[in-house]
Amino acid sequence: MTIALTNECPNAADLLALAERAARTAGKYLHEHFRGQMVVDRKTRKSDVVTIHDRHAEILIRDIILQAAPDSCIWGEEFGAGGEGDTVWFIDPIDGTSNFAGGMPIYCVSIGIAWRGALVGGVVYDPERDEAFVGSPHGFFVNGQPCAEYAEIDASNAICLTNFPHEGAVSDQELAAYRRVLADFRAVRRFGSAAIALAYVAAGRADVCCELSTYPWDHAAGTALVLASGGTVVARNTSGLPEADVSKFACYVAHGKGFDLVGSVLAELIDNVPDRSVINA
């Protein structure tokens with residue numbers, strides 16, 4: 001099942017510019033409050049945290065988008081889905097909140113755009129490095145500069161980004177799968193931000209990334225970046241079936257142009273998730 005960007009959206013360029021403006025505005029706010037005192041609350045599990053800055057940043061983004069594009073549906077991490085229209089915005093005001101709350105400068109603002117069910121493009125903005133990753137059918141850009149990437153073909157020469165396995169009790173099956181990933185790749189890194197991992201694959205800073213439990217606001221924008229750069233995203237839904245709709249992704253592998261996924265331990269991993277009960281938990 002092919003995952004692709006659509007060329008059909010009539011005002012895609014305007015929507016993408018709006019997304020970048022909203023992401024930069026929220027990012028400026030976050031940068032100003034980064035490493036300041038804040039109260040950290042937990043949602044469903046110990047690593048799923050939220051701060052007042054997540055909520056305020058999402059309000060900033062929503063206000064900017066709805067003022068310019070009132071006929072939109074917004075699907076945000078902090079305030080859920082609302083509105084009606086052909087255009088859907090997938091918003092994560094802080095992807096990597098645990099990092100942000102702990103003073104680690106690996107977090108971002110992530111805004112993905114879909115139109116009539118098809119992915120249009122996305123913006124991932126890193127406030128601490130002032131880097132805006134922007135992708136659409138017209139190309140992939142970092143701070144306005146075109147960026148072409150090529151991945152290593154073989155896993156033994158490649159860098160893999162993944163947040164698997166997750167915190168908490170880890171089964172023997174999960175540990176065995178992770179050992180295989182460690183053995184196959186030259187380097188494995190855990191960023192704590194799915195959106196930044198996808199942006200780095202798109203930019204050629206890593207070769208492949210894999211996530212086994214994400215939500216649309218986590219991966220929609222980054223998926224657009226990888227596709228815009230010429231890479232590939234292979235996804236599965238919660239039933240383990242191939243999925244092309246970013247709103248229904250549960251797990252995925254994204255890789256740059258050239259990486260050979262066939263026979264990779266990652267291809268096996270998303271087809272045989274050790275514990276599907278953790279997906280979108």
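The backbone N, Cα and C atoms fix where each Cβ goes, and this holds for glycine too.
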Recorded Mg(2+) site member, picked from Glu77, Glu78, Glu243, that accompanies Asp92, Ile94, Asp95, Asp218 in TrEMBL: Glu77
Which of Asp92, Asp95, Asp218, the listed binding-site residues, has fewest other Cβ atoms within 10 Å: Asp218
